[in-house]
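Asker: Mind having a look at this structure? Questions to follow.
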Amino acid sequence: MVQIKAAALAVLFASNVLANPIEPRQASVSIDAKFKAHGKKYLGTIGDQYTLNKNAKTPAIIKADFGQLTPENSMKWDATEPNRGQFSFSGSDYLVNFAQSNGKLIRGHTLVWHSQLPSWVQSIYDKGTLIQVMQNHIATVMQRYKGKVYAWDVVNEIFNEDGSLRQSHFYNVIGEDYVRIAFETARAVDPNAKLYINDYNLDSASYPKLTGLVNHVKKWVAAGVPIDGIGSQTHLSAGAGAAVSGALNALAGAGTKEVAITELDIAGASSTDYVNVVKACLNQPKCVGITVWGVADPDSWRSSSSPLLFDSNYNPKAAYTAIANAL
């Protein structure tokens, strides 16, 4: 059905003059444009220099169908500051330049995270030194892309499954206050960027991790910590899409201005699951956008579970068509 519909659409719209030529197998109007028509900011995906150059179909699909890009790895600490005070931006510059030249919003990912953290950072046990290093890292990375990045994941994956704060290196050395320091540093560097806390397994309203995050965010926001949004990664197992609506509504009650689905992929990529997630964002006024964590299955970190909207041949799946029709 997808191939038949795509072929018909290709004939129907072959004569149209479009600013961004689309792949003939895709919908005539991008799913991003359809999503924005409902008042949302973007329906995006991820990219980096390797994946953008690996297969020519990847940038073509991004240009045709997605309105936002998140760097998969090139803005993480190990990529941007592998040695203390020695910054490297070649990978992140490539992604930002591609996004800007093609009119895509950018979500910066990620500034403070316990993983992909260089050993030199993990070897710092003096509180004052680690605070200075963290602030310098945030300031240097954000300053380079000031005015170019719509939103930043300032802190990433800082909660345990029981809703308590993860005992990361930053937590163990600085204490909970590292969260406030990180957000206040980020706000000072780029007052116009949206500042997010991002985490996974926030997919059920009653799950302890979600309720713990909401309670902490309420406390931080009330104390003046400049958290603008909550990002729910939304890496789902098959059949889990139905619970996302309730989860987003719960996250929206934490007191931030925005929520977003930041790393969406769904095992099996069923049409029902994907449409449920898209509708969950559509129906929550604070949900500004969705980022799918990859274009096609071969480039997914969960490739064996076929979780994305495009298959191993970079052709759209039934879930892609279902989203286009639902919008």
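Positions of Cβ are set from backbone N, Cα and C atoms, glycine also.
Swiss-Prot feature annotations, pasted as is:
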type	residues	note
ACT_SITE	Glu157	active site, proton donor
ACT_SITE	Glu263	active site, nucleophile
DISULFID	Cys281-Cys287	disulfide bond
DOMAIN	55-326	domain 'GH10'
MOD_RES	Gln26	pyrrolidone carboxylic acid
SIGNAL	1-19	signal peptide
Asker: Can you tell me the CA-to-CA distance separating Cys287 (disulfide bond) and the residue listed as 'active site, nucleophile', as a whole number of Å?
Answerer: 14
Asker: Compute the C-alpha separation of Cys281 (disulfide bond) from the residue listed as 'active site, proton donor', stating it in Å without decimals.
Answerer: 21
Asker: Give me the non-local Cβ neighbours of Glu263 (active site, nucleophile): same chain, 6+ apart in sequence, Cβ-Cβ under 8 Å, ordered along the sequence.
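Answerer: Those within reach of Glu263 (active site, nucleophile), by Cβ under 8 Å and sequence separation of 6 or more, are Ile46, Thr70, Tyr200, Gly231, Gln233, Thr234, His235, Thr291, Trp293.
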Asker: Any idea what the model's mean pLDDT is for the domain 'GH10' (55-326)?
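Answerer: Within the domain 'GH10' (55-326), the model's average pLDDT equals 98.
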Asker: What residues, ordered by sequence, lie under 8 A Cβ-to-Cβ from the residue listed as 'active site, proton donor' and sit at least six positions away in the same chain?
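Answerer: Set apart from the residue listed as 'active site, proton donor' by at least 6 residues yet with Cβ under 8 Å, we have Trp113, His114, Ser115, Arg166, Asn198, Asp199, Tyr200.
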